[in-house]
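Structure first, commentary second.
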Amino acid sequence: MYNSLIKPLLFQFDPEKIHYFSFKSIKLLHKIPFVDQLIRKQFCIHSKSLEREVFGIKFPNPVGLAAGFDKDAKLINELNNFGFGFIEIGTLTPKPQAGNPKKRLFRLIEDEAIINRMGFNNEGVMAAVKRLKSKGEIIIGGNIGKNKVTPNAEAINDYAYAFEALFEVVDYFVVNVSSPNTPNLRELQDKRPLTNLLSHLKELNAKKSNPKPILLKIAPDLNTAQLIDIIDIVEQTEIDGLIATNTTISRDGLQSKHKAEAGGLSGKPLTKRSTEAIKFIKEHQTARFPVIAVGGIMTAQDALEKLEAGADLIQLYTGFVFHGPKLIKSINKAILKRNK
Ligand SMILES: Cc1cc2nc3c(=O)[nH]c(=O)nc-3n(C[C@H](O)[C@H](O)[C@H](O)COP(=O)(O)O)c2cc1C
């Protein structure tokens, strides 16, 4: 129904307006008694062989919702009914910020892709903390970043603030230094600032009685020398793993009219590049740290290829927009079939 009816209708309108309209519609739908149960029955698959234990957390299935879809944790309980094994909120910054001027989100229909330059629009970390206090039984990743006005030299304070604020209400953390839409943010991926940042968060974590896994989310545009550095940093700082990858600044092979828009590209054109990054990491790591694969999972086959490449868990964003919740179910079914 999503591909034949809902998507053609939704895709007639402005992507950002439709994003928020969909949120309101899903919220409203859930006010009808038993709708949550009906949706769960339609989309959720429960099976022991889908369960995964990764960085000490038991996931009901390996298919997660990637960061950026529900930045402010407004819809986590409802989205959980569509069959996700976990949901990543954020990127959240200490202070609320509006993000870049609109229009800043573009569908590239012919390419099955999205370009976004949202720029970490979010209501600030404390607003999400408040909402997360009433979360249901669901695994939540907290993706954290810095405010646009914070210079890179002070970025560490922003990440530390968001980390402390979210600590009791999320299950794992993601340090986002790989968005192309905050000026100079990606410079924090360089060896020295990144080592300082991750070591500081590790120190804060070590002071807790119940430390949480900390992951780093990387760009798909890193060259092999940079990837080697990243592997080195993960192993030196002993953080818990990587999320590969964020959106790309590459524009190779696109045909849609919005192809020249500035921002990060996601979806089908990213599939291969992101799988290659995962393969590279898995081949070159010496400690066997986990990797969450994200980037261009548009079909169940794409998901299986990410797992074949060595991913421990996977996440979707653009595939969910283009193919709806049926994609989550078809991935989980394909994993079950492969496990037989
Ligand atoms: C509109 C949009 C907003 C995004 N916002 C964030 C974000 O705030 N933080 C982040 O780490 N990734 C963000 N992402 C990146 C996704 O989490 C994901 O890494 C990327 O889109 C590749 O996956 P996909 O091809 O399945 O979409 C965003 C992606 C899109 C399309």
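Cβ atoms here come from the backbone N, Cα and C positions, even for glycine.
Going by TrEMBL, these are the annotated features:
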DOMAIN    50-336  domain 'Dihydroorotate dehydrogenase catalytic'
BINDING   Ala67, Gly68, Phe69, Asp70, Lys71, Thr91, Asn143, Asn176, Lys217, Thr245, Gly267, Gly296, Tyr317, Thr318  FMN binding site
BINDING   Lys71, Asn116, Arg117, Met118, Gly119, Phe120, Asn176, Asn181, Asn246, Thr247  substrate binding site
ACT_SITE  Ser179  active site, nucleophile
Relative to the Cβ position of Ala67 (FMN binding site), how many further Cβ atoms are located within 10 Å? 27
Enter the number of other CB atoms within 10 angstroms of the CB of the residue listed as 'active site, nucleophile'. 24
Of the recorded positions Arg117, Gly119, Asn176, Ser179, Asn246, within 10 Å of Lys71 (FMN binding site) (CA to CA), in sequence order, we find none
If you count, for each of the binding-site residues Gly119, Gly267, the other Cβ atoms lying within 10 Å of its Cβ, which residue has the minimum? Gly119
Sequence-distant neighbours of Phe69 (FMN binding site) in its chain (C-beta under 8 A, six or more apart): Leu79, Tyr317, Phe320
Take the C-alpha atoms of Asn176 (substrate binding site) and Lys217 (FMN binding site) and report the distance between them in angstrom, rounded. 5
Inter-residue C-alpha distance, Ala67 (FMN binding site) and Arg117 (substrate binding site) (nearest angstrom): 14
Taking only the CA atoms, the spacing between the residue listed as 'active site, nucleophile' and Arg117 (substrate binding site), expressed in whole angstrom, is 9
Taking all residues of the domain 'Dihydroorotate dehydrogenase catalytic' (50-336) together, what is their mean pLDDT? 97
Of Phe69, Arg117, Gly119, Lys217, Asn246, Gly267, the binding-site residues listed, which put a C-beta under 6 Å from ligand 1? Please answer none if none do. Lys217, Asn246, Gly267
